[in-house]
Ligand code: CP
């Protein structure tokens, strides 16, 4: 594996899931692989799970880890080419990415969507500038349009908890008052299109994801109908793609409740976290045995380790 930016960088999904499960069974089996190798974790946005799980995975593989919060620990970075840098950005990504690439064998970047300009966000400017200038393998820690380390952890979790070969998996939109990126939902949909599953997306009118991410999923605008007989409910809020970055509704009837979960076939509730309780999903659901959000978050470590192992093997 050279880069890990999207599903397209995966050659064999089942093998990668198995690699994650192997790492979970035996975390230190490949500790010599990363000896004297350094990963730089570059964050433009906040994180709990991605930051800690990627650091832990790298350490399990014997790597050194350098972490940096752009704009707090470093200079603010200019992304546009040919611009007159007379604003608040003191360094250009051309130099910054190239320098980071000299200190690190692998670079990993988190940079969310700005949600102001759809064309710019979907061009993945930050990720592509790092890919262009870092000169070393690049890992996506959640970009404007995708969160593939989360999606791999989700696949590992589904593999662990599924009770039938071809489960019914429902990605459902949840209410939120703030505009949130589409990255997690896009990415989950992209990966579920490659799983052996009946995959359904439930969202209100105006919240359909970009067609390239929906793929072959069945899109439904009635959440209760979508939940019927489901094995997994994957909750997430996202802002509108069509009316880009807008909050079109906060309809509380889309919150996941125990009554909704009773429509499923003893389905499991998943969410990438962080989650706002009693706005997106009730305490009762999150605190019930049907919730597997903690197991899902724990699998972020094994997802990151499987990917880092693949990238280290390619160095
Ligand atoms: N799910 C996830 O990426 O969590 P963090 O934003 O805390 O890293």
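Every residue, even glycine, has its Cβ placed from backbone N, Cα and C.
The candidate list 110, 218 contains one residue that TrEMBL assigns to the carbamoyl phosphate site with 47, 48, 49, 50, 75, 147, 148, 149, 150, 272, 273, 300, namely 110.
According to TrEMBL, the residue from 102, 236, 309 that belongs to the N(2)-succinyl-L-ornithine site alongside 142, 176, 276 is 236. Considering only the binding-site residues 142, 176, 236, the residues lying within 10 A of residue 272 (carbamoyl phosphate binding site) on a C-alpha to C-alpha basis are 236.
Restricting the binding-site residues 49, 75, 300 to those with a CA within 10 Å of the CA of residue 142 (N(2)-succinyl-L-ornithine binding site) leaves an empty set. With respect to ligand 1, the binding-site residues 47, 49, 75, 272, 276, 300 contribute 47, 49, 272 as residues with a C-beta closer than 6 angstroms to one of its atoms, given in sequence order. DSSP assigns residue 149 (carbamoyl phosphate binding site) to a helix in the three-state reduction. Residue 272 (carbamoyl phosphate binding site) has a Cβ environment of 25 other Cβ atoms inside 10 Å. Residue pair residue 47 (carbamoyl phosphate binding site) / residue 276 (N(2)-succinyl-L-ornithine binding site) shows a Cα separation of 15 Å.
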